[in-house]
C-alpha cells in the first residue's frame with residue numbers, strides 16, 4: 001500500500017533554531033534548513049512520503065502579511081494536487097496562532113493542514129520539536145483530520161486554529177484554547193479527536209486571497225488607565241484602515257480614547273473592540289453602545305486574531321454592520 005504524500009512547508013522559528021549550548025536558552029531562530037529539520041526525525045519517513053519546501057527562514061516575530069499570502073497561496077496550490085494528501089507548516093510559536101487562523105480562513109480544501117513548532121531549539125538538551133513534528137505528521141495523515149479546519153499540534157495536543165493561543169512564554173505546554181479546550185490529543189502518534197471547531201473555515205469561508213497582493217493595514221491599540229488619543233491619532237496618520245482596540249474588561253476604552261475612536265469610526269476607519277483579558281467574549285451593547293458609536297464587537301476573538309479577521313473583512317467591505325456580521329460568523 002502506497003504511503004500518503006505530505007508536503008512540509010518550513011517558515012523558520014524555534015523548531016528550526018540552533019544554539020551553541022544544549023543547556024542555555026540562547027539560540028538563532030530559523031537557522032536550520034527544512035532538509036536538515038526533516039533529517040532529524042527519520043521516523044516520519046515510515047509514515048508518509050515527505051517533501052519539504054522552504055517558504056522563509058525567520059523568527060515568527062518577523063511574520064508579515066506578505067508571507068501569509070505567499071503561504072496560503074502555496075498551500076492552496078499543493079492541496080489542489082491529487083497526490084498531496086496534507087500540508088504541514090513548521091512555524092515559530094510567537095505568531096503561530098495568527099498564521100493558523102489566517103490559513104483557516106483562506107485555505108480552500110478539506111485536506112488536513114497542520115501547524116507545528118517548538119518551545120526549545122533543536123540544540124537543546126530536551127528539544128520538543130522532533131516529537132511535535134512526528135505527532136504532526138501522524139495528525140496530518142489521519143483520516144479523522146479531514147475537514148477539521150487548520151489545526152495546531154503542540155505538546156501532544158491538537159488545537160483548532162480559531163481557538164488556540166500561546167499562554168506561556170517559555171513552557172513546552174505553551175498553547176491552550178481558553179474558551180473551548182483542545183479538540184484532540186496525539187500521543188506517540190496515536191490520534192484521538194474529542195470535538196471540532198463549529199465556526200466556518202476553509203471551504204465554508206467567504207475569503208478569497210488568490211488575487212490579493214497586499215492586505216489592508218490594521219493596528220492594535222492596548223488600553224490602560226490614563227490612556228489618551230495619541231495612539232489612535234498615530235494609527236490614523238499611518239494610514240490604518242482598521243483599528244483593533246484591546247480594551248479593559250469587556251473591551252472598554254478609557255473615555256478620552258473612546259472619543260478618539262468614535263471620531264475614527266465616523267471618518268470611515270473600522271474600529272473593532274476586543275479585550276486584553278485572556279478569555280471570554282467582547283459582547284455587543286454592554287457598557288459601550290457599539291451601534292451608536294459605530295464600533296464592531298469582536299466577540300470571542302483575542303486582539304491578534306481579531307486583527308487577522310478584520311484585515312480579511314476589509315478586502316470585501318468597510319460597512320460596519322457587514323463586518324459585525326463577519327465577526328459574529330467566524
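Glycine is no exception: its Cβ is also placed from the backbone N, Cα and C atoms.
What Swiss-Prot lists as domain 'Asparaginase/glutaminase' is 4-330.
Among the features that Swiss-Prot reports, active site, O-isoaspartyl threonine intermediate is placed at 14, with the record citing a curator's inference.
The DSSP secondary structure for residue 93 (substrate binding site) is coil. Sequence-distant contacts of residue 93 (substrate binding site), defined by Cβ-Cβ distance under 8 angstroms and a gap of at least six in the same chain, are 13, 14, 60, 117, 118, 119, 154, 166, 174, 175. Under the heading substrate binding site, Swiss-Prot lists 93, 94.
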**Asked** Across all protein chains in the structure, which of the recorded positions 14, 94 has the highest Cβ count within 10 Å?
**Response** 14
**Item:** Mean per-residue pLDDT computed across the domain 'Asparaginase/glutaminase' (4-330)
**Value:** 95
